[in-house]
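Quick notes on the structure that follows.
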Amino acid sequence: MASSSEKPPTIVDDSTSETLKSANPSIDEKGGEAENSVREGSQSPEPTVSNANAARVSTDSGLRKVHSTTKDVQDEITRVMTSGEGVEYPTGVKLGLISLALCLSVFLMALDNTIIATAIPKITDQFHSLQDVGWYGSAYLLTTASFQLLFGKFYTFFSIKYVYLTAIGIFELGSLVCGIAPNSIALILGRAIAGLGSAGILSGALIIVAYSVPLAKRPMYTGFIGAMYGIASVAGPLLGGVFTDKATWRWCFFINLPIGAIAIVVILVFFKAPERAAVASLGWKARIKEFDLLGTVFFIPAVICLLLALQWGGTKYEWSSWRIILLFCFFGVLIAIFIVIQFWKQDTATIPPKMMKKRSMWAAAMFSFCMGSFFLLLVYFLPIWFQAVKGASAVKSGIMNLPMVLSLVLVSIISGIGVTLVGYYAPLMIVSSVIAAIGAGMLSTFTPASGHAMWIGYQCLTGIGIGLGMQQPLIAVQTVLDISQVPVGTSVIIFVQTLGGALFVSIGENVFTNKLVANLAKYAPEINPDIVLSTGATSIQQTISKASLPGVTLAYNNALTHAFLVSAIMAVLTLIGSAAIEWKSVKGKKIEMGAA
């Protein structure tokens, strides 16, 4: 174990490798085959030239010069580059503290998505801002989704450590603005700022793991980080309810400040950022040129147009409204221009086309998009089923949702350990798709008479399916991509997962609303649908007459199970990604039957 005072590892990336080869042809002759083998499996992609006396990489006017003495030195460089020996990873207490800080920061980001739900009634009462409810969630989502890919570039060309600390700092600033907000506009602004920071937190945490843990052990740590989402999905509504009832809704945001500060201090003190030679040699102007500013100019408004259309469609405006149609048209034009720019820019694009052509990359993206879609649908609609059909309170519905969340968390951790031990992630993705599809399909069979055994058992089955597969695409990306591409690849996976959730929650909400109105006409014709829609799930049992309640409950159940059916369809579609993924091992082995 290297002491904390030792110089952090120097990462020899593609451009450094080419310089070594050009200065020493024997490196290419002796090490080229081994290097290609390593890159294909992305094993030990963070080599360190640990012998300072053997070689010294320096910069002069942006050009790296390699100084060596003997052929033995050249052979040593080649061996380190291709074997990964000499890499200095944090271990022991240092690694434990870094992992804890990453988990805490991801937990806060995930918590911020759910904790506000139970606080919204009190917020709207204080600010008289019922018309702004949608913006409390969408302002956060807009900035998160819009800037995720941009953060991938920041992590590629700037210090991983300080970009991550900046992301947490922006998130903390947004939380502070929300906590002290004097009015609804300030709260929305704070949510947007927090969303901007959150765009770089999860991807940054996974990138830090990539530079802190050998590839073979990363699945276990990725599993711990992924489990934070499951914990936050239950803890959020519970903590939000407690803070709102026992203290003030402002603590839903103030809680982020001390915990985030701990994460910042730990990362600042204990994480030693890798010295990436090629990146360090680039000046500011050269780094800016690598950012694909032209693509970003079109990408961010494209995402905003899409999310606004999804947010307003069917709620503030009819789907046939010219405003919604215009937003979709703008999205289509802007995203088409963005795609053209990506093919034009190639390696300097926001999403390099060569990277997306890799089978494992697009398969992982497809899997993540579908997984994010059906998981967020269930997170959104299962509590509504417990509240509207079973008459549970907001807090109790969170407790009744525990079977899915606990099974998800436990299996996510276990699957991470399993991939670390066995090496292969593709089998778990396939099993995940099958189990999740069965579980989500069973949820769509719920009736008002469904007992504890059904809603506990079906949730557990679904949670197991989600836990088995949710983090595997991120492991696949780190396995097949060169270390220099991991920041962008990770950001792409997180972006499509976020986009899938946003898109299909909107689709599910429209399916639910349309079916609810139709079912009310069928089972409770004496009830005005507008009254039911404005009442909310938690108040149905108290506001609807006893004579009409069974019909309204049945209408709610049938509408919600149709939303669950949408979730089941997306779970089935994850099979496309899991079946297409290459069967590669984090230990460097490859099953020929799964080869591209």
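One-based numbering along the chain as shown.
Just so you know, glycine gets a Cβ as well, placed from its N, Cα and C.
Automated prediction, rather than curation, is the source of TrEMBL annotations.
The compositional bias 'Polar residues' annotation in TrEMBL covers 1-25 (among others).
The feature compositional bias 'Polar residues' is assigned by TrEMBL to 39-61 (among others).
Positions annotated as domain 'Major facilitator superfamily (MFS) profile' by TrEMBL: 98-586.
Positions annotated as region 'Disordered' by TrEMBL: 1-70.
Residues of the same chain lying 6 or more positions beyond the ends of the transmembrane segment (97-121) and with a Cβ under 8 Å from any Cβ of it are 90, 133, 136-137, 140, 168, 171, 175, 194, 198, 201-202, 205, 208-209, 212, 221, 224-225, 228-229, 231-233, 235-237, 239-241, 243-244, 249, 252-253, 255-256, 259-260, 262-263, 266-267, 270-271, 379, 394-395. The transmembrane segment annotation in TrEMBL covers 97-121 (among others).
Look at TrEMBL and you will find 133-151 (among others) tagged as transmembrane segment.
Within the same chain, residues 105, 108-109, 112, 151, 154-155, 189-201, 204-205, 207-208, 250-254, 256-257, 260-261, 263-264, 267-268 sit at least 6 positions outside the transmembrane segment (163-182) and bring their C-beta atoms closer than 8 Å to a C-beta of that stretch. According to TrEMBL, the feature transmembrane segment maps to 163-182 (among others).
For the transmembrane segment (188-213), same-chain residues at least 6 beyond its ends with a Cβ under 8 Å from one of its own Cβ atoms are 11, 46, 89-90, 95, 98-99, 102, 105-106, 108-109, 112, 132, 135-137, 139-148, 150-152, 154-155, 160-161, 163-164, 166-179, 181, 221-222, 225, 253, 267, 271, 273-274, 474, 478, 483, 486-487, 490-491, 494. The transmembrane segment feature in TrEMBL is assigned to 188-213 (among others).
Under 8 Å from some Cβ of the transmembrane segment (248-271) lie the Cβ atoms of residues 4, 90, 94, 97-98, 100-102, 104-105, 107-108, 111-112, 115-116, 119, 122-123, 126, 161, 164-165, 168-169, 171-172, 175-176, 178-180, 190, 208, 212, 239-240, all in the same chain and six or more residues away from its ends. Among the features that TrEMBL reports, transmembrane segment is placed at 248-271 (among others).
Under the heading transmembrane segment, TrEMBL lists 291-312 (among others).
The transmembrane segment annotation in TrEMBL covers 324-344 (among others). Away from its own ends, the transmembrane segment (324-344) comes close to residues 292, 294-295, 298-299, 301-302, 305-306, 308-309, 312-313, 317-318, 350-353 of its chain (Cβ-Cβ under 8 Å, at least six residues beyond either end).
The transmembrane segment feature in TrEMBL is assigned to 365-386 (among others).
TrEMBL lists 398-417 (among others) with the feature transmembrane segment.
With a cut-off of 8 Å between Cβ atoms, the residues of this chain six or more beyond the transmembrane segment (424-443) that come close are 219, 367, 371, 374, 378, 382, 415, 418, 458-470, 472-473, 475-476, 479, 561, 564-565, 567-568, 571-572, 574-575, 577-579, 581-586, 591, 594. The transmembrane segment annotation in TrEMBL covers 424-443 (among others).
Taken from TrEMBL, the feature transmembrane segment covers 455-476 (among others).
Using a Cβ-Cβ cut-off under 8 Å and counting only residues 6 or more beyond its ends in the same chain, the transmembrane segment (559-581) has close neighbours at 359-360, 362-368, 370-371, 373-374, 377-378, 381, 384-385, 388-389, 425-426, 429-430, 432-434, 436-437, 439-441, 443-446, 465, 469, 473, 476, 500, 504, 507-509, 511-513, 515-516, 519, 594. Annotation comment: TrEMBL describes 559-581 (among others) as transmembrane segment.
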Contact set of the transmembrane segment (291-312) with the rest of its chain, CB cutoff 8 A exclusive, min separation 6+ beyond the ends, reads 134, 138, 141-142, 145-147, 149-150, 153, 157, 323-324, 327-328, 330-331, 334-335, 337-338, 341-342, 345, 348-350, 499, 502-503, 506
The transmembrane segment (133-151) touching the transmembrane segment (455-476) per 3+ Cβ pairs under 8 Å rule: no
Can you tell me the mean pLDDT for the domain 'Major facilitator superfamily (MFS) profile' (98-586)? 86
